[in-house]
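Trainee: Dropping a structure here in structure tokens format, bear with me for questions.
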């Protein structure tokens, strides 16, 4: 059955994905010891979801998940950072369309490519969108927001590089490979 | 076992509870955008007082929101200090004058900087009570229907309500998996070193994510069987028509936005400048 707009699966993936996002953001951020820099497991999760379900789901989960989490935890949101998370999901999702995790494929070459893309996505999100948004919307001093952005870029890139790759590989390993059945 | 500490809907019978969810959403969006745009101290102060009065009217108790308010206060203080440390001259750049209060080299305190920081604090106080009010007095299903009402596609609205519906379920799953892993000797407390904690967290997160991805398949199949998404529009069981009070509150929100527009014109910009 072909239908216009979002498929049912995408709608559910956005809903459940955003719920998981909120729970992971709430409970699984591990302090590194450096002030205000946490290891956030939500970003590897967002990367996984975006590669499985594509850019639209990646964008929507980032947007809704981050906004809901901010509202439920802080009572307000920083729209610039919400948008940055959404764009991170979007860019990784765009690359994810070229991957085929559903059939258990995740080669070393794809791993390298995935990480190059995710680092670019992190730079676009945290070093461009989030700080520029902070300056335009909230008119905060430029050097403060760019320093925050740089810290977020570095930690989130490293977290996705290590944990994201592990997560994607583990997900691919749970799937049956194409043509793995043999006739005896 | 674990206190969830996540804000949720609390049924009640006050004026604010009885307002239509769409009205509350429109009010929240318009007023928080207005507060985001303007740096006019007078406007911010009035909205602050107004939103605190609303909290009182809705009969919200201090203990319901105390943890989040404390959290926000700490966060706001850190942010304010950071803004000051990074650019103590920001206020004088904005207001184009310099009244020194305390001379200390780089950290010279000016009236302008203090005034700018006061505005930043007021902006926090403005929006937070309104959001708390909305979260505590709005039924999640009505929230979804009101998102649809203000023009967001019903599929996205439904996704948001699915998220709100599943946050408690996934939270329960999370703690169940966490307890199981701890029973197997998985150390997650502050005593463990960073590497161990990351590995321990991953041991919880992996089964949680993979079981939830299976759940996505099950729910989407169930929804497909019920023909979700086959029509362009849908109706909502919880939909309620507008009452006179709803029109009045919506009108008030529009008036506040108009005031911000007028203030923008009077102040010739976002900032109210008492130093001229």
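Each Cβ is built from the backbone N, Cα and C atoms, and glycine gets one as well.
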Trainee: Can you identify, from B:114-136, B:137-159, the stretch that TrEMBL calls transmembrane segment?
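Mentor: Among B:114-136, B:137-159, the range TrEMBL annotates as transmembrane segment is B:114-136.
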Trainee: Of B:25-55, B:180-210, which span is tagged transmembrane segment by TrEMBL?
Mentor: B:25-55
Trainee: Could you name the stretch, out of B:25-55, B:67-86, B:245-266, with the greatest number of CB pairs under 8 A to the transmembrane segment (B:114-136)?
Mentor: B:25-55
